[in-house]
Structures are given as C-alpha cells and as structure tokens.
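J.: My questions all concern the structure below.
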Amino acid sequence: MNLEPLRKRVRQYLDQQQYQSALFWADKVASLSHEEPQDVYWLAQCLYLTAQYHRAAHALRSRKLDKLYEACRYLAARCHYAAKEHQQALDILDMEEPINRRLFEKYLKDDNGSRDPSSDWEMSQSSIKSSICLLRGKIYDALDNRTLATYSYKEALKLDVYCFEAFDLLTSHHMLTAQEEKELLDSLPLNKLCAEEQELLRFVFENKLKKYNKPSETVIPESVDGLQENLDVVVSLAERHYYNCDFKMCYKLTSTVMEKDPFHANCLPVHIGTLVELNKANELFYLSHKLVDLYPSNPVSWFAVGCYYLMVGHKNEHARRYLSKATTLEKTYGPAWIAYGHSFAVESEHDQAMAAYFTAAQLMKGCHLPMLYIGLEYGLTNNSKLAERFFGQALSIAPEDPFVIHEVGVVAFQNGEWKTAEKWFLDALEKIKAIGNEVTVDKWEPLLNNLGHVCRKLKKYAEALDYHRQALVLIPQNASTYSAIGYIHSLMGNFENAVDYFHTALGLRRDDTFSVTMLGHCIEMYIGDSEAYIGADIKDKLKCYDFDVHTMKTLKNIISPPWDFRDFEVEKQNTEEAGLAPLQNSTKAPESRPNLEETFEIEMNESDMMLETSMSDHST
C-alpha cells in the first residue's frame, strides 16, 4: 500500500490545525509502515500538538529514536520542557552520542552516498542543532542560569542566523550589554549562511539593537525598500525615543502601532511604560482590562494592571498583587520586577525595593534602569558611595539619559562638589532641552530646583532665583520651592520678600520646619532694619495686624532669645561645616553688621533645605 497520500494528509491536517485528525491518521500510518522512524516522529509531533507530552516523549524514547536522530532528541526534550520537567529535558539534550548512532550514520552514508539522515524529514542538521541550542537556552533560563542561557542563545544564532527567537530573547530581555550586542552582530557568519539576504538581516538586527542611540529617521537600504511602515521597525524607533526620554513622540508612534495591531507583543511594554510616564491613567485602565480579559496567561496583562494601580497612588498593595502574578507567570519578566520594586520604594521600604531591583538587574544586564533605581535607593539611605557606584554603571549603559545624569549630580552635591554638581545638572538640562527645545514635563521640576540649590551654594543668587521660578511654572504649588526662593532672598538681604515667600510656603505646608525657623530669623532681621519706623505698612508686611508697637520692637527676643557667646561658637562651627557662614550676633550694633548686599549669614544648619532627588520617578 502506498502510504505517501496518507502522510501528505497528516501534514495537511497539521497545517489546518486539525490536530486530532492528524493524530488519528499518523497513528495508522506508523502501524502500516511497521514503525518507520519518520512516521513515529510525526506521530510524536501530533501527540505534542495535542498536549500529550509524556505520550509523545515515550513514543520516541521507547524506540530509542532520541539516540539515533537529532530531530527526535529535540522533540523528546521539548516534550519534557513543555511539561516543566526541565532537568529531564536537559539530560536528554546533553546525552552523550552513542557509538551505534555513529555507525548508523556511517552506514547511511556508505549506502546512499552523502545522504543526510534527516533530509527526508525536510530539516537541515544546522537548523536542528540551532533548535537544540535554543531549547537548551530556554531550559537554562527556567533554571535561573542566565550565563549558560545567554551562551546557548548565541550558539543558536550562529548556527542559524535566521533564528530570530534566539536574537529576540537576547535583546528583549536585555541579556547583553551594548558592546556585547555589537560583538555578537559582528560574529554572525552572514556572508556564509545568507549571502542574498545579508543586507536584510543586518538591517533588522541593527534596527533592534540601537535602543540607546539617538532616534533618527530610519534609513532603509534600497534592497529592502518597503520596511519603513513595518510595525517591528516602528516599535524599535519608538523604543529609542522612550530610552531618550522623548515620551510624547514615543506615545505617538506606539499609538500608531496599536491602531494597526491592538495587541502587538513587542509594542505593549513600551506603550504601557509611555502611558505611565505621561500619566494617562484612563487609557491604561482600559488597555489593562482588555488585556486581562483576552490574555490572562500573558505576564504583560498583569504588568499593565499593576502599573495602573501604581500610577493612581495609595494602591501599592494591589499593585504588588498583580505584579507578583506577572512574575509568577514569567519569572524572567524584568519590567514587572522593576515595577514591583517601585511599589515598595514609594512606601520607603528600601530593603525590599532593592531586593526587587537586584533581581531585575540580574535579569536585565543590558538595561540601565535597575542600576539607576538601586543607586537611588542607596542615595535615600545615605550611602552615597554605593549610590555613586551604581549610577556610574547606569551611566556606562545609557550615557545620554538625563535621569542618570541628574542623579550623578545629586551625589556630587551631597559630597560638597558644587561645581561638579552644577556641570552634571546643566548637562541633564541640555539633554532635556534637546528633546523638545523647552522643559515642559513636570517630572523635570526637581532638576530645576536642584540647579537653584547648587547656584545658591555657588553664590549665583540671580541664576538660582531664575531656576526656582522656572520650577514654579512646572509645579506652582510646591512649598519647598517657595521656601527655597525665600531663603535666597534672605541671603541677598531682601527680608521683606523672604518673609512673603516663607509665609506662602507655610500656607501650602504648615509643618515645614525650615520655613518656620527661617521666617522667625527673617522677621527678626527685618525689624532690626526697620526700627526707625514701625507703622501700619510694616505690620501689614509681617502679617502682624494684632501686634502693638511694643510687641513689634521686642519680637526679636520673643522669636529667638539672644545667645550667649558659648552657644554662638558651637552653632558657628556647625554652620561652617555645612558650608554656610553663621548669622551675626543680633546684639551687635547695626554699623558692625556686614553689608547686606554681601552674603547673608545665617545661624542655622542648612540640612533642613533638602536637595530634591526624586526626579527619577518610579516609572517603568
């Protein structure tokens, strides 16, 4: 009986996804052919596609086909991998080649010339070997051995340069640094294995690799003209905009992709991250619910839900629950680990946040975000040395990221290196301005305030005021910005303006210790300058409508009693250590006081005026 028509019918049913029909006829063909290896292989394929993994593996291994044929060995291992029996799958792949297999292949070669034992199965040896390396990499990934997983993926790609899955696992999971990605691309034998499509492969690989490069118009080689509108190419461009902090352009591109393909797998994480950055809570809510309804077993669905609860605030427990579900579905899903760390960081749970970030750093060696957030947590726990080290690592991966540059400037400020801090802050500001010519996103407000702080330290009071006023444009109701402006006015001797700004700051935040203390000092100094005339105008300025003249004259002693000489010396030492000159003793005669146009000397520690380190907000 000629079995070829039945074999073709089995393939036809497989192509039509009628797996039960294919299984029925594959079983009959295997019996009719007296269990020819090829027919048993296709029977096992049908069993695998109907999720009968142990039956499929038994069909191959009971006949010792996994020891004779690479394709059967690969399929048997894949069955155990699908059943989550990772060690058994690895044992099959790493099985030593038996002597009888080598004799069998020699016999085939002698009998049929140079016939490949797998040629009848329409599979090349290099393709099967590449598939084995790919599967081995996935198993190592599941066993948390990232080093061997990376090596296996590289080998799979070198054996078969068309094996995009291996390339995608290396790049989308950030398993390689930028330098390692470049070395991998240069090591691929494109000339040997794909002379005709060499230009196409080089373009698609390079387009996916350059995520930290400055986004520019995609240059398509003439031989592959027509890829401009390809969604994968557009997503790669959007990713470059995302990593260069141009979130508006990134959102525009990802929205275009989502209109054409609403569930584009590569686009979804970038689109979700952009929605978080632009604070589009309603859109993220709608998208996350749609994803959970349609793809409940996909980690990106629960990642989207977790990001939504993180964004709305005060829902961190809910966020952790859904992000934990995402990491359970795929424990190598780095973005979910980063967001999981954010849910602890916003509650100042630094140890738990860092544990999540360290997990993300192990999974995403080529991504700068885990390093950035680890450094941020170390900075918040006053460990500036370790913070500087991790920021340095983040900067080596993403040298153009203004968030990282800003945090390096914060560390320099905390170390008292004012000039260095100013350089880093200005560099970050230039990078931001290059994105959209002007600073408009409110997340850059801490950078402007920090520029104001460092300019104040360098006695550039006019510039400092300008930066703080720019910060007020972005976030108008920030008490710390008003107190910073008031502080600069007090340093310049403009006590009337200083009092106004400190009052405004206290109106926004009544428990602001710094503003309360400084308001007392400024009122004291202002009255000292105005003793010649205390009238309704002065009382109005000081918001002291119920005070009589005697109270106004003695307000200094009520607010801050005179210090004795010994106390003054101690305070002077503290302020000098903080980089500030002390306030002159208020009992001195007015003529002995320095010119108010010079530095205003304040008798208090400036530690209450905290530098803002929150520009790197907890985004994806």
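Just so you know, glycine gets a Cβ as well, placed from its N, Cα and C.
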J.: Swiss-Prot tags one of 97-116, 557-576, 577-596 as region 'Disordered' - which one?
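T.: Range annotated as region 'Disordered' by Swiss-Prot: 577-596.
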J.: Which sequence positions outside the repeat 'TPR 3' (70-93), separated from its termini by at least 6 residues, show Cβ-Cβ distances below 8 Å to it?
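T.: For the repeat 'TPR 3' (70-93), the nonlocal Cβ contacts are 37, 41, 44-45, 48, 51, 53-54, 56-57, 60-61, 118, 121, 123, 125, 128-129, 131-132, 135-136, 138-140, 142-143.
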J.: What is the number of other Cβ atoms found within 10 Å of the Cβ of Ser490 (phosphoserine)?
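T.: The answer is 23 other Cβ atoms.
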J.: From the DSSP assignment alone, can you count helix, strand and coil residues within the repeat 'TPR 7' (232-260)?
T.: 26 helix, 0 strand, 3 coil
J.: For Ser490 (phosphoserine), what is the secondary structure by DSSP, using just helix, strand and coil?
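T.: It is helical.
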J.: Against which stretches of its own chain does the repeat 'TPR 4' (128-159) lie, if we need a Cβ under 8 Å and a gap of at least six residues from its ends?
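T.: Residues 70-71, 73-74, 77-78, 81, 84, 86-87, 89-90, 93, 118, 165-167, 169-170, 175-176, 184, 187-189, 331-332, 362-363, 365.
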J.: Of the stretches 4-33, 164-187, 232-260, 334-362, 442-474, which racks up the most C-beta pairs under 8 Å with the repeat 'TPR 11' (369-397)?
T.: 334-362
